[in-house]
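First the structure, in the form of structure tokens, and then the observations on it.
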Amino acid sequence: MKDSHQTIGVFVRPTHYQNPLFEELERAKEWVLKLLEDEGFESFMIDSLDGAQDERLIEKAYAFLCLGGDGTILGALRMTHSYNKPCFGVRIGNLGFLSAVELNGLKDFLQDLKQDRIKLEEHLALEGRIGKISFYAINEIVIAKKKALGVLDIKAYAGHTPFNTYKGDGLIIATPLGSTAYNLSAHGPIVHALSQSYILTPLCDFSLTQRPLVLGAEFCLNFCAHEDALVVIDGQATYDLKANQPLYIQKSPTTTKLLQKNSRDYFKVLKEKLLWGESPSKKR
């Protein structure tokens, strides 16, 4: 095992003690920490996803183990994005598009990691800016209404060129990795996770002619809403967007890095998670 592989940071899904998953996560956390020790890894816990961590520990880690569902992985990926470190998910929860393994497969995964038999996937991430505030998004950036009533007008530009005005509940700007998340629920297209593109999917648009749009990641985009709006990052963080204030979005210079098993195949994951080709009775 390479020396640089010896330290693993461990994220655990934040869970209230009254949550039904609390005891399961606590048991799993202790088991994972013991397994890492037995396999020769140093490890440290990361207590929250708010970024209030010791930078020296973050920089020391080779990778980050995320114990939970896709939400835990998304939070960890955003927090570690600027450090250019990979994450891998150990699924406990309902969703698992991003997870590398189930809990019972972690030992084999760690042994493969020690032998460099794990592949590194690099995905496009978004970098957004509102005024002096900048942020990263792994799955999507959503411009959403702040008020329950009415229609939100959003003007969209590629560079300095206006190309659309969306009128509805909002707009999703998704990454290919995030195309199977909120974007898919809003009837946006699935785009291969390793593609270099943005997916723009309107939310309940007032015009029946509006359709999702896929753009190459070489474009720098900006958006303005006609009234105060919310900008939602991966469904986990929000920022205020003032009326006519530009939101700038571009491809992040740093990729989202995920460790996966060599045997993982994206199309098999889609078929398994979305039940493609299954009969209606099996889907139920």
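In case you wondered, yes, glycine gets a Cβ from its N, Cα and C as well.
The following features are taken from Swiss-Prot:
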type     : residues                                                                                                     : note
BINDING  : Asp70, Gly71, Asn139, Glu140, Lys167, Asp169, Leu177, Thr180, Ala181, Tyr182, Asn183, Leu184, Ser185, Gln236 : NAD(+) binding site
ACT_SITE : Asp70                                                                                                        : active site, proton acceptor
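Structure with Swiss-Prot features highlighted.
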| residue | record | DSSP (3 states) |
| --- | --- | --- |
| Asp70 | NAD(+) binding site | helix |
| Asn139 | NAD(+) binding site | coil |
| Lys167 | NAD(+) binding site | strand |
| Leu177 | NAD(+) binding site | helix |
| Asn183 | NAD(+) binding site | helix |
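For the binding-site residues Asn139, Asn183, Ser185, the greatest number of Cβ atoms within 10 Å around a candidate Cβ is found at Asn139. When Cβ atoms from all protein chains are considered, those within 10 Å of Asp70 (NAD(+) binding site) total 23, not counting its own. Around the Cβ of Lys167 (NAD(+) binding site), the number of neighbouring Cβ atoms within 10 Å comes to 15. Every protein chain considered, the tally of other Cβ atoms within 10 Å of the Cβ of Leu177 (NAD(+) binding site) stands at 25.
Taking Cβ-Cβ distances under 8 Å and a sequence separation of 6 or more, the neighbours of Ala181 (NAD(+) binding site) in its chain are Asp70, Phe97, Asn139, Glu140, Ala174.
In this structure the residues listed as binding NAD(+) are Asp70, Gly71, Asn139, Glu140, Lys167, Asp169, Leu177, Thr180, Ala181, Tyr182, Asn183, Leu184, Ser185, Gln236; their two most distant Cα atoms lie 30 Å apart.
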